[in-house]
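Features reported for this protein in TrEMBL:
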- 31-73: domain 'P-type ATPase N-terminal' (DOMAIN)
- 46-64: transmembrane segment (TRANSMEM)
- 107-167: domain 'P-type ATPase A' (DOMAIN)
- 255-278: transmembrane segment (TRANSMEM)
- 298-322: transmembrane segment (TRANSMEM)
- 370, 372, 673, 677: Mg(2+) binding site (BINDING)
- 370, 371, 372, 456, 479, 559, 560, 561, 646, 652, 676, 677: ATP binding site (BINDING)
- 370: active site, 4-aspartylphosphate intermediate (ACT_SITE)
- 699-952: domain 'P-type ATPase C-terminal' (DOMAIN)
- 763-783: transmembrane segment (TRANSMEM)
- 813-835: transmembrane segment (TRANSMEM)
- 847-870: transmembrane segment (TRANSMEM)
- 882-906: transmembrane segment (TRANSMEM)
- 912-937: transmembrane segment (TRANSMEM)
- 1005-1035: transmembrane segment (TRANSMEM)
């Protein structure tokens, strides 16, 4: 591609093409626009099976004569679609806002002989752009000139590759002298480059191309030529949308949905068969209005089936999806608000990038972690070095030979000569560290801008390096690892310089030519010495890894460090124990050799009862994954800890994928802080970024971000535990209450000869999931805590109780489903037996009708399902009380208004005065109480027996937590209450020791039978401590 730069027009193949900035030069990450939001969003939402199903039901109601109004399906569907669209629209608006900040950033461009300020979205290919110090490059620029005499500039690319060092870039030699606007305006040149591609180091050498997103440092200003802009820039081409991750709960929810769909179809088919069989009998043709209309039998069966499908469709809870979305979105704020996850030193709090995986934090089985910057501080400290066989250590800023102390006289220390001086010269010159200083301050006082580097200024200097160890060692005057040199003659040096320049500017096979050049240079090296540094561990890393191990989570360390360093850090951080039998799969050179070693390791597993740890390097891992995946996985799963060293970024992702796709399909979590960890973070079920010193790329590509590794323990053991139990109960409860809702409707068809007569009024059908039963479960799913957070952190073993999706197992699902059917049978037949055929429930002898019967069933159902959730609640807040009792009160108040007024916009007034008539019957009130108790008492009894006979670790911890309340603080509170009651002449005093003994024996029963009473006691005693019974219960229990 030959591009002739003629002011603002790009000439391709000798004819001019005007540039369209709206199409080519905008940078955008949004999904919707004002014009395509509605159709595109609707298309995305109706790709969901549940939404599409309810759309079909709604259309069926519109097309045929169905027993329920289309509003009963259309209104909930409209509510779900609207709420989801608002949420997605808001998130996309935030993306639009971020894009506008990028596209609207002010930039200066050379046009018409002067610098013109414009917006970054208006930059066109061929424009000459001026960038000042600390500004971000708005496009991919070819460096033309800088304010430095040598035409160089320094940039940092932390936002691109995570490296925080200052990289030196060189201007094109022919244009480095063009430092004024007039010279640049008169410039005519040809840029030979390739089509836009994602490779960060093409089309020109990395020393000439300034990539969009990088930042100018340590240079006053530069001028660059725009070659790639907008979505054609390399940063945009490297942008990849994160793959859609689905949690185990969502997968279980879809499975349950299919099961309930089968139940729905079975009920509809059975009702259709029975209705057709009934109508086949001639005796039902009299009286005349029952006579059958002659129709095609197949069409008639289809009509019946669709009608019953519409009648029973509420067994599929459409509002489940919007409630889950709201729970995840609102619940994600608790992570950011948790002060225990706040790092005061760096002023960083936990960050949630996606709320779709909250519950997955409670299901993690494998943790894959980086070492440097994740387990360690990424702050290297120099310890010692070896020069020409002599060991030196750093003491108080001095290099002291082995065997001498800091207080030794200077004359007794041998002078540095020969190899020692050459070693220090090598580490002083051969590095990427740059010194940052403020040129403007120096020039303002008439000083030399380079005097800082020479040590003549007392102003603090800042070092930038590609790695923290290099920065730390240069500050000390040293370098890391092995130092060697090679001597060149002048002729050899010229030849090497030509080879390097030719390879760096090659447009084709540049990597291969550079490798050849480096291989030619890096041979026959003379060893000068080596340096040793230490990377400090982060705070509480050992305690965190031990807590994860007790929780049943296996920790794998994946690092690029060498074998010895990685093993040392694993031992120091508690990943490996001294008592472990360390197995090694290192330096394997062939498939056969690797297979033999794996077989040997496998045999050692079977014959040894010790805990095992495995160490494998990158080369051996490649061989193991090529032909021996199954054997390798067998060895790994039998090890308590695995360490993979010398790992490339893609190898990290392959290891994570290997565990993900194994037959057991465990839930994986990857955590890291650098750009080289992004691949495994995106591959794992849950990706966590550490806000470290290697840029922000890991944080931006993660699902969650924390400041320190130690915060991982609370994130999983506490937040993960809470999120999982909340959403697991939410899903099960939704299916349960919808079974309770629609099963009486199915049973009613047996008593109305399958006439498709609805048991409930259409308004009740519509509002059951939207208003009457929605808020209690939403608040429960936001605040429920089975165990106190401190107990969860101190007892990591409680994490095992919820592992492997135990609360959403088929057994638990079957229990909730059967419970729903049982309660539905009690609702229907309890009301039916009460009313009978000739029974009057009114004092004046008046009989109840069809709508009164349905309203009685619906009233019992609303109260029962609400109280069922109250019995499941262990952590009561004022909001739980408000929505629980408020929902029941709202149902009664709404029904009184709905049935007590003639509404002019309603076609029928079937419910007029029905609810008032129902509540005026004492027998109806008695029936409501009896039916509710009949439904809930067996369930409570079963839970109490299970708690006594087969208590789980969580239930045991609840009881122990109850015992904690008898500490000195609560005993004082109890004495205070007792003293207050003693002063009341109308209150009988209670012996404290007897009371406490009684509560100790009955506490397990209390935890199941009276969670609601416990909440009421707290609520009442907070309002009025004089309430003696409530106060005693609050402190004693």
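Glycine residues also receive a Cβ, built from the backbone N, Cα and C atoms like all the rest.
Because TrEMBL annotations are produced automatically, they should be read as predictions rather than curated entries.
Listed as Cβ neighbours of the transmembrane segment (847-870) (distance under 8 Å, sequence separation of 6 or more from its ends, same chain) are residues 733, 736-737, 740-741, 744, 748, 757-761, 764, 768, 772-773, 776-777, 780, 823-824, 827-828, 830-832, 834-835, 840-841, 884, 887-888, 891, 895, 910-911, 914-915, 917-918, 924, 927-928, 931-932, 935-936, 939, 1011-1012, 1015.
The Cβ of residue 370 (Mg(2+) binding site) lies under 8 Å from the Cβ of 557, 558, 559, 671, 672, 673, 674, 676, 677, 690, each on the same chain and at least six residues away in sequence. Residues 252, 256, 259, 732-733, 735-741, 743-744, 747-748, 751, 841, 848, 853, 856-857, 860-861, 864-865, 868, 923, 927, 930-931, 934-935, 939 of the same chain lie 6+ residues outside the transmembrane segment (813-835) yet bring a C-beta within less than 8 angstroms of a C-beta in it. Scoring each of the binding-site residues (372, 646, 673) by how many neighbouring Cβ atoms lie within 10 Å, the top position goes to 673. Sequence-distant contacts of the transmembrane segment (882-906), counting only residues of its own chain at least 6 positions beyond either end whose CB sits under 8 Å from a CB of the stretch, comprise 763, 767, 771-773, 775-776, 778-779, 855, 859, 862-863, 866, 869-870, 873, 912-916, 919. When other Cβ atoms within 10 Å of the Cβ of residue 676 (ATP binding site) are tallied across all protein chains shown, the result is 23.
With a threshold of 8 Å between CB atoms, the same-chain residues lying at least 6 positions outside the transmembrane segment (912-937) that come near it are 822-823, 826-827, 830-831, 834, 841-842, 846, 848-849, 851-852, 855-856, 859-860, 863-864, 867-868, 871, 892, 895-896, 898-900, 902. For the pair residue 646 (ATP binding site) and residue 372 (Mg(2+) binding site), the Cα-Cα distance reads 13 Å. Working note on the binding-site residues 560, 677: by count of other C-beta atoms within 10 Å of each C-beta, 677 ranks first.
With helix defined as DSSP H, G or I and strand as E or B, the domain 'P-type ATPase N-terminal' (31-73) counts 27 helix, 0 strand, 16 coil. Sequence-distant contacts of the transmembrane segment (255-278), counting only residues of its own chain at least 6 positions beyond either end whose CB sits under 8 Å from a CB of the stretch, comprise 49-50, 53, 284, 300-301, 304-305, 308-309, 312-313, 315-316, 731, 735, 738, 746, 749, 753-754, 813.
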